[in-house]
Amino acid sequence: MSDEPRLILVVDDSATQLAQMRMLLEKAGYRTLTADDGEHALTIAREHTPDLVVTDLEMPGMSGLDLVMMLNLESPQLPVVLTTSRGSEELAVEALQAGAASYVPKRNLAKDLADTIERTLAVADSERQRLSFAKYIRTVAIELELNNDDSLLSQILSRLEAPLVELGIVTEATRMHIGIALDEALRNAMIHGNLEVPSSLRDQDCGQAYIDMIQARLKEEHYASRRVFVKLTANPEQAVFVITDQGPGFDVSKLPDPTDPENWEAVSGRGLLLIRSFMDEVEHNEVGNQITMVKCRVDPDAIDDDDDDDDECDD
């Protein structure tokens, strides 16, 4: 991979928002291109092949949702991150299901945009390798025991995603979604489960209180010694991920509804919405320290079908 800074295409009909995002991304070390509507963005994407696209959802002419769908058709490996405002939640869910990789509420751009792009690019990079003998694979079973070092997540995601690509469970357009969902679930297990760091701290001192508490807990044996256990079982029809932490768990009945607009800008609501958008089945155990996620095989010929049983894997 080239040492040249990654190129980000930023799309928004607001000159103020474009300037803010460009400043944030260039400060973080990225190169940027900008477009003020979807049609212009498509032209730029075709000519300059950016590494990632950041787009507003609601724009005159071609909407952000339309842009996501077009990019997904033309460049399925190109990740798209949405910027959302209050009132655009349902449209954002559609865009995520149409191929967008993640989203950032506009009120949190300064805090979360660069980090979200870094994580999305890491997931995208981890998905580019395939093994030549993949067509011979029939069943895969992987068990991992992890510490709480989230710097290893890129390597972990690469290892967990590979079998789904090899078995044909995901397509070029949907494989990145697996990485995003796993990234959210693993970070939750490590940071909120084992280290017991509340997500609410991210809203204090521009997130510094959150970072400080993570670092402090990693030095305390009581928390740092806890492990995350990951089990993957996969065949050509479906993959089942079970992620368990050694924390005290939580009251599952109090889990926020990720589809409720009031929860969209909450960190916990965002992670759960991404997981539920990208996986076909999601369940927590009664204790609240284990999540089971199921991803069914995607049939490219049936993507446009809206059958009632779309959310269930075939027997």
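Here the Cβ of each residue, glycine as well, is placed from N, Cα and C on the backbone.
Automatic, uncurated: that is what TrEMBL annotation is.
According to TrEMBL, the features are:
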- 7-121: domain 'Response regulatory' (DOMAIN)
- D56: 4-aspartylphosphate (MOD_RES)
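The Cβ neighbour count for the residue listed as '4-aspartylphosphate', using a 10 Å radius over every protein chain in view, is 25. DSSP assignment over the domain 'Response regulatory' (7-121) gives 61 helix, 24 strand, 30 coil. Per-residue confidence over the domain 'Response regulatory' (7-121) averages out at a pLDDT of 92.
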